[in-house]
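Comments concern the structure below.
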Amino acid sequence: MRCQDVLQFGQKLVCRRLLEPAEEYESHVAHLNILDLVVLGVGSTLWAGAYIIASAVAMHIAGPEIIISFLVAALSSLWSGLCYPELGARVPRSSSLYLSSYVTMGQLFAFITGWNFILFSVIYTACVAKAWSYAFDSLTGNHISQGLQGTFSVHMPYFLAAYPDFVVLGLVLLMIGVLILGARVTSLVAKVSIGLNLLVLSFILLSGFIKGDLRNWQLMEQDYNLAASGPNGTYSSEGLGPLGSGGFVPFGFDGILRGAALCYYLFFGFAVIVNKGKGARNPQRSIPLSMAISIFICFLVYSGVSASLTLMVPYYQTDPYNPLPQALLHVGWAPASYVMAVVILCALLYSLLGTMFFMSRMTYAMADDGLLFQELASIRAGTGTPIMATMSSGSLAGLLALLFKFHDIVELISLGILLAYTIMPFSVLVLRYQPDLNSSKNENTKNKSEISEREPSSSKPEPEAGTSNILKLLWSHVNTSPSPKSGRIVYGCALLLVPLLTALSLVLAQWPRRVFSGDPVCTTVAVLLLVLITGVTVTIWRQPRGPTPLLFKVPAMPVLPLMSIFVNVYWMMQVTPETWAQFGIWNAIGFAIYFGYGIRHSLAGNTDPQPPAADS
């Protein structure tokens, strides 16, 4: 009985949702060209809060070398981006990575993906709300922050913010009320917000070209000491950031990698390209090309704004909450700084509303599936708004923004999105080698008939057959199409690759100099891990691939998904242990909810209770 319970428990973890077939879905989608997809991709990727994150990264982690960090992050995100279209092609009506994971990989993968998307949206909401508060405070001459700090700073623990930001809390509560009332972001509002965002970014690029000073890329210790002895509070509410070694690359190669890890998620606006690209004339060409062009354009904009910012203001004096108006104030353009603050307030409001809308809908979707508490799926009559999901997730974001420092929570944004986008290439890798449902059934019927025909003539057992068959499956193409057994081999190999790639990423992230300098222990461990990874990869490559026709398929299988997994895991190793502790607490809470409630109340009634590798 216990073995049966364990089997049922395992089947529950990988049970999948089934969607109703929609044969006519694709025929009603407009045929878009590459230019249309590029416009959609750039519009959804250039977030209003991006330069707030970039400023914090430049001040505390990377300095002027954040430009190189953006380049590394852009190239890495393209690898993961090329995996998304194939997963989306398997679920034509899905516009969500959470739903795609649920339909293709099962319940546990979907929960991890959705739970970490909630983490991302909660933290991003807190950061954008805090940025709005500081932009508003700058218009009042910083009187609000000075008053709150003078009243509450002596009562705040050292690990929290210097004072509780009640403006942030009030803003988030106001947005919760707006969403509960059923407000919708119309196309006109979206276009106006994108226009304002482009106006802000264009103006700051022009300002950096006119008022930038190359000396700010050559700063040394004497410049830092001079700034530290002066009234630096004008530039940052938390004083000066670290100097590093000075110059253009003050934090070295480590700063580039840590900066890339935090800027990585800023390029993940390509979901709209995947969803709309299904109706393109040639998806196999249009989707990757438009994705690459969009990421390149966004890289130019992000790096250009970061270059302008660090040229106008020394990187250790940038304001992590209100960087652009303060930069204009620093170069003597006070009127422009006030106009910029007003424009940023409007752009940030739209960004905040959009993020909170996504956050509430993700919470509602998981609750509606039974993976979170069913009360969170309650709908307000008349507007169709998920009232409890909006209130709970919004309140959590408001509480974080109220109490915590900006740079203490900003790293959590990347961890949540990186884990979710690590599951994506893993899913693509496993699913490509699975048998088609109908063909696997026919194969099983054929095998049974062949066994029944041979049964009377078989007289002697063959003990070596099992071992030889496994070796043949591992290293040679026994069949031209995948079988349930070859699918299970790929699934097992993919699961084995995850700890191997994690161990290699950890070694390279923690001891890179010892590895490349020839340290006997670290170098031997790295080489051994590479040999094992190569062997497992070759084993996957030798397996037959699924015959299912798709609008888009990832090229260079299985190398590209494995490289994407490795890069994502490597970026995750760049964050601090404190951030990992916070991330662990979040996911421990999530698993407690899932195993204590979600796994017993999930509504995946029409599911395939088999793991992805045993699709039969």
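Heads up, the Cβ atoms here are built off N, Cα and C, so glycines get one too.
Curation does not apply to TrEMBL; its annotations are automatic.
Note that the structure is a prediction, hence the values are computed from the model and not measured.
Record features, source TrEMBL:
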| type | residues | note |
| --- | --- | --- |
| TRANSMEM | 34-54 | transmembrane segment |
| TRANSMEM | 66-87 | transmembrane segment |
| TRANSMEM | 108-132 | transmembrane segment |
| TRANSMEM | 158-181 | transmembrane segment |
| TRANSMEM | 188-210 | transmembrane segment |
| TRANSMEM | 255-275 | transmembrane segment |
| TRANSMEM | 287-316 | transmembrane segment |
| TRANSMEM | 336-358 | transmembrane segment |
| TRANSMEM | 412-431 | transmembrane segment |
| REGION | 440-465 | region 'Disordered' |
| COMPBIAS | 443-463 | compositional bias 'Basic and acidic residues' |
| TRANSMEM | 489-511 | transmembrane segment |
| TRANSMEM | 550-573 | transmembrane segment |
| DOMAIN | 552-602 | domain 'Cationic amino acid transporter C-terminal' |
| TRANSMEM | 579-597 | transmembrane segment |
Secondary structure content, the domain 'Cationic amino acid transporter C-terminal' (552-602) (per DSSP, counts of residues): 39 helix, 0 strand, 12 coil
Feature contact check the transmembrane segment (66-87) with the transmembrane segment (579-597), CB under 8 Å, 3 or more pairs: no
Per Cβ pairs under 8 Å, the stretch of 34-54, 188-210, 255-275, 287-316, 550-573 packing most closely against the transmembrane segment (412-431): 550-573
Cβ-Cβ under 8 Å with the transmembrane segment (34-54): same-chain residues at least 6 beyond its ends: 66, 124, 127-128, 131, 193-194, 196-198, 200-201, 204, 262-263, 266-273, 276-277, 280, 286-287, 289-291, 293-295, 297-298, 301-302, 305-306, 309, 320-321, 323-324, 344, 347-348, 350-351, 410, 413
The transmembrane segment (108-132) in contact with the transmembrane segment (336-358), cutoff 8 A, at least 3 CB pairs, sep 6+: yes
Positions whose Cβ lies under 8 angstroms from the transmembrane segment (255-275), at least six residues beyond its ends: 37, 40-47, 50, 53-54, 57-58, 61-63, 65-66, 68-70, 72-74, 76-77, 80-81, 84-85, 88, 95, 97, 120, 244, 249, 287, 290-291, 294-295, 298-299, 302, 410-411, 413-414, 417-418, 421, 509, 571-572, 574-575
Segment proximity, the transmembrane segment (336-358) to the transmembrane segment (66-87), 3 or more C-beta pairs under 8 Å: no
Intrachain neighbours beyond the transmembrane segment (336-358), with Cβ under 8 angstroms and 6 or more residues off its ends: 47-49, 121, 124-125, 128-129, 131-132, 135-136, 138-139, 171-172, 175-176, 178-179, 183, 185, 189-190, 193, 196-197, 199-200, 203-204, 207, 322, 324-329, 390, 393-394, 397
Segment confidence, the domain 'Cationic amino acid transporter C-terminal' (552-602), expressed as mean pLDDT: 89
